[in-house]
Amino acid sequence: MPKQIFTSREFLLTGAIVLLLAIIATRFPAFIAPSNLANVFNDTAPLILLAIGQMIVILTRCIDLSVAANLALTGMVVSMINVAVPGLPVPIIIFVSVAFGALLGMVNGILVWKLEIPPIVVTLGTMTIFRGTIFLLSEGKWINAHEFSEPFKAFPRTELLGLPLMSWIAIAAVILFSVVMSRTTLGRAFYAAGGNPHAATYAGIDVGRTQFWAFTISGALAGLTGYLWVSRFAVAFVDLAGGFELSVVAACVIGGVAIMGGIGSVVGAMLGALFLGIISNALPVVNISPFWQLAISGSAIIIAVALNAQANREKGRIILKRAENAT
Amino acid sequence: MSITRRLFGGSAIATAMLAGNAAYAQDDMRIALVVKALGIGFFEAAAEGAEEAAAELGNVEIIYTGPTDTTAEGQIEVINSLIAQGVDAIAISANDPDAVSPALQRAMQRGITVVSWDSGVNEEGRMMHLNPSSTPLIGNTIIKLAADHMPDGGQVAILSASATATNQNAWIEAAEEVLPNYPGIELVATVYGDDLSDKSYREAQGLMASYPDLKAIIAPTTVGILASCQAVSDADKIGEINVTGLGLPSEMAGCVVSGATESFAIWNPIDLGYSATMIAHALATGAATAEPGAEIPTGRMGSVTLDDTNTAAMSDPFTYDASNIDQFKDIF
């Protein structure tokens, strides 16, 4: 039964995306050329990566508002490493970005797990701390295109089978986490911890520890995205990706992830990200007033949430009829 | 300090002692350069200009100071401490035009000369304000930067910060006014990147897709010009589309070297710090008075003329290209 709901919701979203593309095509036909769609996918890859991490965190009834700040801090750290040691191979840079991002995620995780501080407070705090740390590290200075080494900048742009590596990384992450979420103990624990924490505890799942791992994964993905982001735009500075955490949460919500935890899928998060990515890529070419652009993005989010709330309401079911009647 | 050091060189201890003595003996004029926050290249460069002016004037000590973050509260603390130290003049780039005003008024009551530069203070809180440039000068410059490299004319587009950014909107309006002076230059679109790298990049891509004959993207904002430059490079359109506008040399060096940017402009912060110091000195010594219509000499920069609100514009934005980028990229 739940499986059907998931598939139908993702089916609906896919339909919405196709409809969106059709509307855009009437105003700007070149938008749906395969090469342009590949560009849009590539441009949305960072959002997809972050949305996967965010989805896992939201599944456990938490929220990670520090992802964009984590991205910016890790981006700055690997940029500074690249400036200091230009010869360092890109695979090591990637490893460092994932490890450092995971470390920052663990800070969130520990605070939520061991100190039991509400996740929104923890990540609001670490968000500011991370941004502040970038300022301290960089002294407010920017790292610019000419300071990066060529391989550092070239990596996400390198094409493999017609798609840039950045797109392939997003695709790989979607596949990897689809498997993790459906086929591993940890993956199922995320659903259980968020779906019903008390039942999960009785089933022997340490909810706090599960949340810790969710934050760690989210952090690792944010770190990886940090490197991809700075190398793609060839710049690192304090306000990098400012406000991006809201797009990430929005992508999850549009993708059918229940903000109250327990419901969501990797493919849904990816589709939610793509939906937003298509809107933000289409708005510049369909010639709409910038004031309307914000309103349109916002409306899309509200409509998606409204639809989700509708879908979730149907899910309510009575497990024990006698107990309900008794009270 | 710098003068004594130049005269005596010698050991650090000797210099310090002599500097102390010299300060008492000659009673140096102390001009405080208060910036939005310490550690910003732009202001470091302005301080360099201030030191240059001090060296030229002689008997002037520059106190370069400011809060560690760009807050009005931080600046008020700094101003209060400067009042306590009894400096002769304060030249400030304010984080908030109104919040720092009462503190500056207190300073003026105690006989301290107060001028604002770069980012102004309201009229009650300063004697005069020095703008790095003026809206018409900037508007004209950004169009000229594009037109200079388009002998046959063609399409240009503007990529701004947010649609509500006051500065950028005023510059764009001024640019549109001077467009008729540049025959053949057609402004086809104005888009907004919100000073976000990713959005600006997408807007630049959108411009290239919507206007295949586009010759130049003018971005009067540092994030936008860099993102446009990267988008043009990634689209292999270097040489076809010239990215220009306002940017910082340290950030733009890569774009100029790659050829995506022929030239760009920004006020020269060294000149700005220099002029602000010259003006503060002139007012503090009584060589000039701050009143509408007054002309205040600014050394090698010529002079500035005050308007009805005691505001003056320093000069045209300074143009940077391949010939001088190396000199400036390490400065700011």
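A Cβ is built for glycine as well, from the same backbone N, Cα and C atoms used for every other residue.
Where the annotation comes from TrEMBL, it is an automatic prediction and has not been curated.
Some features that TrEMBL has for this protein:
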type: TRANSMEM; residues: A:12-32; note: transmembrane segment
type: TRANSMEM; residues: A:44-60; note: transmembrane segment
type: TRANSMEM; residues: A:67-85; note: transmembrane segment
type: TRANSMEM; residues: A:91-113; note: transmembrane segment
type: TRANSMEM; residues: A:120-140; note: transmembrane segment
type: TRANSMEM; residues: A:160-180; note: transmembrane segment
type: TRANSMEM; residues: A:212-230; note: transmembrane segment
type: TRANSMEM; residues: A:236-259; note: transmembrane segment
type: TRANSMEM; residues: A:266-285; note: transmembrane segment
type: TRANSMEM; residues: A:291-311; note: transmembrane segment
Touch test for the transmembrane segment (A:291-311) and the transmembrane segment (A:67-85), at least 3 Cβ pairs under 8 Å: no
Contact call for the transmembrane segment (A:12-32) and the transmembrane segment (A:91-113): at least 3 Cβ pairs under 8 Å, seq gap 6+: no
Close approaches to the transmembrane segment (A:91-113) from elsewhere in its chain (Cβ under 8 angstroms; 6 or more beyond its ends): 62, 64, 66, 70-71, 73-75, 77-78, 81-82, 119, 122-123, 126, 130, 152, 155, 208-209, 211-227
Chain residues outside the transmembrane segment (A:236-259) and at least six past its termini with a C-beta under 8 angstroms from it: 6, 9-10, 13, 47-48, 50-51, 54-55, 58-59, 63-69, 71-72, 75-76, 79, 127, 131, 134-135, 138, 140-143, 229-230, 265, 268-273, 275-276, 300-301, 304-305, 308, 311-312
Long-range neighbours of the transmembrane segment (A:44-60), counting only residues six or more past its ends (CB under 8 A): 67-68, 71, 119, 166-167, 169-170, 173-174, 177, 181, 190-191, 193-194, 207, 210-211, 214-215, 217-222, 224-225, 228-229, 232, 244, 247-249, 251-252, 255, 257-259, 261-266, 268-270, 272-274, 276-278, 281
Close approaches to the transmembrane segment (A:67-85) from elsewhere in its chain (Cβ under 8 angstroms; 6 or more beyond its ends): 46, 50, 53-54, 93, 96-97, 100-101, 104-105, 126-131, 133-134, 137-138, 143, 147-149, 152, 218-219, 222-223, 225-227, 229-230, 236-245, 248
Recorded stretch, among A:120-140, A:160-180, A:212-230, maximising Cβ pairs under 8 Å relative to the transmembrane segment (A:266-285): A:160-180
